[in-house]
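Peer 1: Take a look at the following structure, please.
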Amino acid sequence: MSQLEHNIGLSIFEPVAKHRANRIVCTIGPSTQSVEALKNLMKSGMSVARMNFSHGSHEYHQTTINNVRAAAAELGLHIGIALDTKGPEIRTGLFKDGEVTFAPGDIVCVTTDPAYEKVGTKEKFYIDYPQLTKAVPVGGSIYVDDGVMTLRVLSKEDDRTLKCHVNNHHRLTDRRGINLPGCEVDLPAVSEKDRKDLEFGVAQGVDMIFASFIRTAEQVREVRAALGEKGKDILIISKIENHQGVQNIDSIIEASNGIMVARGDLGVEIPAEKVCVAQMCIISKCNVVGKPVICATQMLESMTSNPRPTRAEVSDVANAVLNGADCVMLSGETAKGKYPNEVVQYMARICVEAQSATHDTVMFNSIKNLQKIPMCPEEAVCSSAVASAFEVQAKAMLVLSNTGRSARLISKYRPNCPIICVTTRLQTCRQLNVTRSVVSVFYDAAKSGEDKDKEKRVKLGLDFAKKEKYASTGDVVVVVHADHSVKGYPNQTRLIYLP
């Protein structure tokens, strides 16, 4: 059946899926930092708690981490914790009077001369990027205050100064962000603040880093180096926020553990109408190689102050699911919004509805046909297990995986049932929260003293499937694991009727 034939058969009157495949990342802020508020978010569907290090002190984020862990422990859940770096930025300096109002047609000079750093005026103000005059050509654009004000470069006055035409009315205040669309920007991946924040994150045992403004694969490696030996197991999710990141996406995906399509800054750096194309392309590339991908920014933004989303926002979330995103993310909606629980519940319901419109077997075949032959043995076993799950209409898949690699490989092939991963590592439980369809179960090997008893772990997973109503007595569950003679990858697939 083709995708078109599948779409024709869709019905709003059919029951929705029993499980939600897509995961939800929630930004934690004043509206949701308390233990009680976090418990409500978790009950509503939050999978990962995001801390935005562009705001707040280490003490503030320490409180968030403690509260997330306390709330998760009370509910018996494994919630991932993500540190979102501020990243390298270009900003204006200070204005002599604190602010300046510009009108269309005004002429202003922007300079990298430190003498103007704290004394900006309507005629001339400072930008803290030394390579500005080399990066932006005559005729190019400078976006000020996250793109709200646009300058067109008229001429290069000297090695530090550009003369610009103001395109629109705007009141500009101190330390506003600068974007240079279409320009090659040479900034370090890890600022001094980022370095301190990453050290803090490693010390606190965060599960993943959302690395901001990644432009090249080398910058991903810089972030990895900054995490050091103690942070070697932390996932790096690279945020694509500019045209260089889009241009170098293949190598960035290869160097990263996952990708975030950060549509806010991306929609400033490239034309807004091209963001949908970039989103679909990036998500598809991640799907083919099996890397988790998050779609973020303005997904249900109206719910920051309204109890219901707009129809366009509902379609936006659904479209991200249809594109193939593993996760969808909420920012201000949960950090400072009036309706944090409602927005997560809405997002969860939208994701479940959108699942019904995905043609899983078409996705499976498309991904498999794009793989290089020969496959590695582990991937061959996992892809064959997914094929079996489709053929027997399995209600769940069960995999034993300490690192989570096998669970991610199974997820890559997009089975239309939940993937239950039994693991002996708590960090793996939390990190798998950015991978589509995966639900983790912790097996405490130290407590049981049965680290090598695979049948006990299989039983734990089957009992969990029954308890959580993923499957019922008589349903088929596909089980993937290694036998005792093989180390490092699974080599067995079993079909079990749930007792």
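Every residue gets a Cβ built from N, Cα and C, even glycine.
Small disclaimer: the values here were computed from a predicted structure and weren't measured.
Taken from Swiss-Prot, the feature substrate binding site covers R50, G264, D265, T297. Among the features that Swiss-Prot reports, K(+) binding site is placed at N52, S54, D84, T85, with the record citing similarity to another entry. Residues or ranges marked as ATP binding site by Swiss-Prot on the basis of similarity to another entry: N52, F53, S54, H55, R91. Residues or ranges marked as Mg(2+) binding site in Swiss-Prot: E241, D265. Residues or ranges marked as site 'Transition state stabilizer' in Swiss-Prot (evidence: similarity to another entry): K239.
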Peer 1: Of the residues named as ATP binders, N52, F53, S54, H55, R91, how far apart in Å are the Cα atoms of the most distant pair?
Peer 2: 18
Peer 1: Between C-alpha atoms, which of these recorded positions comes nearest to R50 (substrate binding site): D84, T85, R91, K239, E241?
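Peer 2: Answer for the nearest of the recorded positions: D84.
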Peer 1: Spatially, which candidate from the binding-site residues N52, F53, H55, R91 is nearest to T297 (substrate binding site), comparing Cα atoms?
Peer 2: N52
Peer 1: Identify, in sequence order, the residues in the chain of T85 (K(+) binding site) that are 6 or more apart from it along the sequence and have a CB within less than 8 Å of its CB; answer 'none' if there are none.
Peer 2: F53, V190, D194, D197, L198, I209, F210, A211, S212, V223
Peer 1: Based on Cα coordinates, which of the following binding-site residues are within 10 Å of E241 (Mg(2+) binding site): N52, D84, R91, G264, D265?
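Peer 2: The binding-site residues passing the 10 Å Cα test are G264, D265.
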Peer 1: If we count other C-beta atoms within 10 Å, could you say which of the binding-site residues N52, S54, T297 has the fewest?
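Peer 2: Minimum Cβ neighbour count within 10 Å, taken over the binding-site residues N52, S54, T297, occurs at S54.
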Peer 1: For T297 (substrate binding site), what is the secondary structure state per DSSP, taken as helix, strand or coil?
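Peer 2: DSSP call for T297 (substrate binding site): coil, neither helix nor strand.
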Peer 1: In angstrom units, rounded to an integer, how far apart are the Cα atoms of N52 (K(+) binding site) and K239 (site 'Transition state stabilizer')?
Peer 2: 13
Peer 1: Let me know the largest Cα to Cα distance in Å among the substrate-binding residues R50, G264, D265, T297, as an integer.
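Peer 2: If we measure all Cα pairs in R50, G264, D265, T297, the largest is 18 Å.
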Peer 1: Under 8 Å between C-beta atoms and at least six apart in sequence, can you list the same-chain neighbours of K239 (site 'Transition state stabilizer'), or say none if there are none?
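Peer 2: When sequence neighbours closer than 6 are ignored, K239 (site 'Transition state stabilizer') has D84, G87, F210, A211, S212, F213, I214, G245, I259, M260, A262 within Cβ distance under 8 Å.
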